[in-house]
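Record features, source Swiss-Prot:
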ACT_SITE  Asp219  active site, proton donor
ACT_SITE  His241  active site
REPEAT    103-125  repeat 'PbH1 1'
REPEAT    174-204  repeat 'PbH1 2'
REPEAT    205-226  repeat 'PbH1 3'
SIGNAL    1-19  signal peptide
Amino acid sequence: MVTSSSVIGLTLWAALVSASPVADPLVTPAPKLEDLEKRATSCTFSGSEGASSASKSKTSCSTIVLSDVAVPSGTTLDLTDLNDGTHVIFEGETHFGYEEWSGPLVSVSGTDITVTGADGAYLNGDGSRWWDGEGSNGGKTKPKFFYAHDLTSSTISGIYIQNSPVQVFSIDGSTYLTMEDITIDNTDGDDGEAANTDGFDIGDSTYITITGANVYNQDDCVAVNSGENIYFSGGVCSGGHGLSIGSVGGRSDNTVKNVTFYDSDIKSSQNGVRIKTIYGDTGSVSEVTYKEITLSDITDYGIVVEQNYDDTSESPTDGITIEDFVLDNVQGSVESSGTNIYIVCGSDSCTDWTWTDVDVTGGKTSSDCENVPDDISC
C-alpha cells in the first residue's frame with residue numbers, strides 16, 4: 001500500500017532532482033580497433049619466410065614468437081622500433097644463411113621490450129663458415145650477431161647463442177637494460193680459427209645490468225668501451241680475454257664511469273682483470289670496481305692495466321685517466337708462463353686506487369711496470 005506520505009516524499013525527491021544541475025557525462029573515447037590489435041595480438045613466424053614476415057608485421061603484434069626461423073643470407077632479423085611493451089620469444093633453432101657481410105644477424109630496439117628464449121631454444125650462428133683466424137681484422141667479412149641498440153627499460157633473458165661468427169652482443173645507446181641468464185657458447189672456435197668473438201661490447205649506454213651470464217669465447221667476456229652505471233654479476237667467463245674496461249679511446253665518447261664486476265669466475269682465459277686505454281688519446285675511467293672475482297688457469301696476465309694499448313712499444317700517455325679503481329677480494333691462479341700483475345700507467349694518470357685482499361699467484365712478477373700508484377703492488 002502506498003501512503004500519502006510516501007507520495008509526498010517521492011514528489012519532493014523528483015522535484016529536487018529535476019531542479020539540480022546535472023554534470024556532463026564523462027566521455028572516454030573508444031580505443032581504435034587497430035590499437036587494440038597491436039596490444040593484444042600474438043603472432044608466430046617460422047621457416048624461411050619467418051624473418052621477413054616478422055619484420056613486416058612487427059608493429060601489429062604485442063607478442064612475436066619466432067619458431068625455427070631461417071634468416072636468409074645477408075639480411076638482418078629486424079626487430080627494431082617495436083611497439084612499447086612488445087614481447088619477443090625465440091623457440092627452437094634460429095639459423096642464418098651464409099654471406100660475407102658485416103651484419104648484424106639480429107637487431108632489436110624499443111621501449112619496455114622483453115626478449116626471451118624458450119626452453120631448448122638457441123640461435124645458431126654456425127660461425128665456422130666464417131672463421132679464418134682473422135676475426136674482424138681481416139680475411140672474410142663476418143657479421144656481428146646481436147644488436148641491442150636503443151633499448152630503454154627492457155629485458156633480454158634466457159638467450160642461448162652458439163658459434164657466433166665474430167662479436168656477439170653489441171649494446172649501444174641503451175638505458176635501463178637488464179640481461180639475465182645469457183649463454184654464449186663458442187667452444188667450437190677453440191681450434192684457433194675463431195677470433196674477436198667478444199661476449200658483450202658496451203658503448204654509450206647507462207644502467208646496464210648483466211646477471212648470470214655464461215660465456216665461452218675467444219675475446220673479451222665483457223668490454224665496457226664507454227658508458228656509466230654498468231653492473232655485471234654472477235658470471236662465468238671461459239676461454240677469452242677476461243672482464244675488460246676498454247679499450248677506451250678512439251671514439252666520440254671516451255668516458256667510463258661507475259662500473260662493477262661482482263661475484264664472477266674467469267677461467268682458462270688470456271687475462272683476468274683488464275683495463276686498456278688507447279695510446280695518445282683523451283678520456284676518463286673512474287669508479288671501477290672488481291669485487292669477489294676468482295681467477296683460474298690464466299695464461300697471460302691475472303691483472304693488467306695498459307695505458308699504451310694499440311702501441312705497446314711506446315711509453316704510456318696521460319690523456320685517459322684511471323681514477324678510483326677498486327679491487328676487493330680478487331684471487332686466483334696464473335699459469336707459470338704468465339704474469340700475475342702488469343701495470344703500465346702514464347706519469348700522472350692513475351690515481352686513488354684501492355686494492356684489498358688481492359692475491360694472484362702462480363705466474364711471474366713483472367719488472368716492467370711503470371708509474372704504479374702508491375700502495376699498489378705490481
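Just so it is clear, glycine is given a Cβ too, placed from its N, Cα and C backbone atoms.
In this structure, the residue listed as 'active site' belongs to neither helix nor strand by DSSP; it is coil. Looking at the repeat 'PbH1 1' (103-125) alone, the prediction's average pLDDT is 99.
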